[in-house]
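A.B. asks: Marked as region 'Disordered' by TrEMBL: 1-39. As annotated by TrEMBL, compositional bias 'Polar residues' applies to 20-37. Sequence annotations record features per position, and here TrEMBL assigns transmembrane segment to 107-126, 132-150, 157-180, 192-214, 226-246, 332-356, 464-483.
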Amino acid sequence: SSPSSLMSHRHSALDELDSKSNGAWTDTQTATQTVSSGEPDAYVESLDYTQEEEAKVVRILDTRLFPWILLTTFVLNMDRTNHSNAISDNLPADLGFTINTVNTGTAIYGVAFSIFCFSGAVMAKIVGPARWIPILMFAWGLVTMAHALIKDKAGYLTVRVFIAITEGGVIPATLIYLGGFYKGTELSTRLGWFWGVQAIASAVSGLMASGLLQLRGRSGLEGWKWLFLVDGIITIVVAVIIWFYLPKNVASTKGGLRGFKPWFTPRQVQIAVTRVIRDDLSKREYEKRVTRGDFIDAATDLGLWGHLLLSNVTLTPTNPLGTYLPTVIKSFHFNVFVSNALTAPPYVLQCIFMVIVIRHSDKVRERGFHGAFGSAWQLVGWILLRTMPDKASRGVKYFGAVVVASWPYNHPLNIGWMSENTGSVGKRTVASGAVIFAANIYQVWASQIYQADDAPLFKRGNSINIAFAGFATIMWVVQKYYYRRLNRKNGRAYAALTEEAKTQEDREAEKKGNRSLTFRFM
């Protein structure tokens, strides 16, 4: 079902534009950077082009732009995963504290990361995402290397704050950037790959750690310090490359490392801009500032609150999993080097399963059951780990860890679902910041699930994870049927209007966003 008007015969303007604009699959305002940056004539309302011409434009974006975006998120998650690898190499003991201090650091990281997610979107508007992304990368590369200078608890907590500040803004900036090049329906699978590559980065980080941790003692440094140093150097090198490669918009693809010739012809530039605006008419208002009304509209949207709760509940069990997976595998009587290498297979599987589920979700245009499937998978994994006998072989225990760690990550589904059901640009901007905040602030309480007195099997912690995963599974279904009820309610209300009132409602549909009776929720 297309998110077009409930009464399609009355919405000729929306039908002409294929009416997929009621919600784009992105967790940003998805505005066209091209229109707002020196190419006012690029959007041609009456422009005609073939599917082959449009496909060629998308193919250029997919081969010359998107791989570099994947590289940035790959480096980001590689740097975020190295923390769990370092913990398995006795980082707490080396610095004179227990995993409870690690939990405190994770909570502080979550708060700082969430706050600076907002700054990422704001600075991307001011500086431009093509510049802000590499600036952040360079900064967190330096902070990653600074882990090698840590001597005690205070130094550890300080560095974790700064790593959160520098990493926090890159995801919203990146998603704003992608929204300027892709249509909402095109972003579905690409966002799946965006988070899928993060899983691959976690796998590569584990494999790197299995080797780099063996450098313990070289130059008087612990193995985990070598890990942070190497990761930081890689990040800085990539940041410099990205600075000279990412184009500001489709009209600025010539020069730097991009080559001496532009990627697009003048006609292709027009196609690239026009097709994105046609996909979502609200993108014409990209320069419009967020108003007080947008904040009120978002704050009073029950559906948005459902998505924020979904983020909190669904992601809570992923925090102890992501922080302590190498440590948990190590408790199965594998050495530290093997345990880090063994984190790779489940992360690779997670990437594969996640992309499959998201692609199928986009194909059948359904979100709730697909998200519930991912959370139910995770629930089964936590039950396996919780009920597994203490005397089970390490192979069986590792199988349980693989099941829970390879679950089809459904956070991209929640973000896309929220965005396509939001409506206006202003409200979508507020909603995007809120959901990114919700998708990180959960670390405050999630970081306390695994405690030192519950190690190494974390039976109590896994019981808590079971509760969260079970509740998340139910929440996905509840959210689906909430939207279904709204569609029926709006359909009946619209049908009861007079012809004059229907015409007025049609005219105000874009202004009202998802408050309009003509809006169809996904």
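Cβ atoms here come from the backbone N, Cα and C positions, even for glycine.
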A.B. asks: Flag the pair the transmembrane segment (226-246) / the transmembrane segment (132-150) as in contact if three or more Cβ pairs fall under 8 Å (sequence separation 6 or more).
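C.D. replies: These two segments touch.
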A.B. asks: Do we see three or more Cβ pairs under 8 Å linking the transmembrane segment (107-126) and the transmembrane segment (157-180), pairs being at least 6 apart in sequence?
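C.D. replies: Yes, the transmembrane segment (107-126) and the transmembrane segment (157-180) are in contact.
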A.B. asks: Is it the case that the transmembrane segment (332-356) and the transmembrane segment (192-214) have 3 or more CB pairs under 8 Å, with pairs at least 6 apart in sequence?
C.D. replies: yes
A.B. asks: Could you tell me what the rest of the chain brings near the transmembrane segment (157-180), counting residues at least six beyond its ends with Cβ under 8 Å?
C.D. replies: 24, 26-34, 69, 72-73, 76, 79-80, 101, 104-106, 108-121, 123-125, 129-130, 132-133, 136-137, 139-140, 143-144, 146-147, 149-150, 187, 190, 194, 246, 249, 276, 432-433, 436, 440
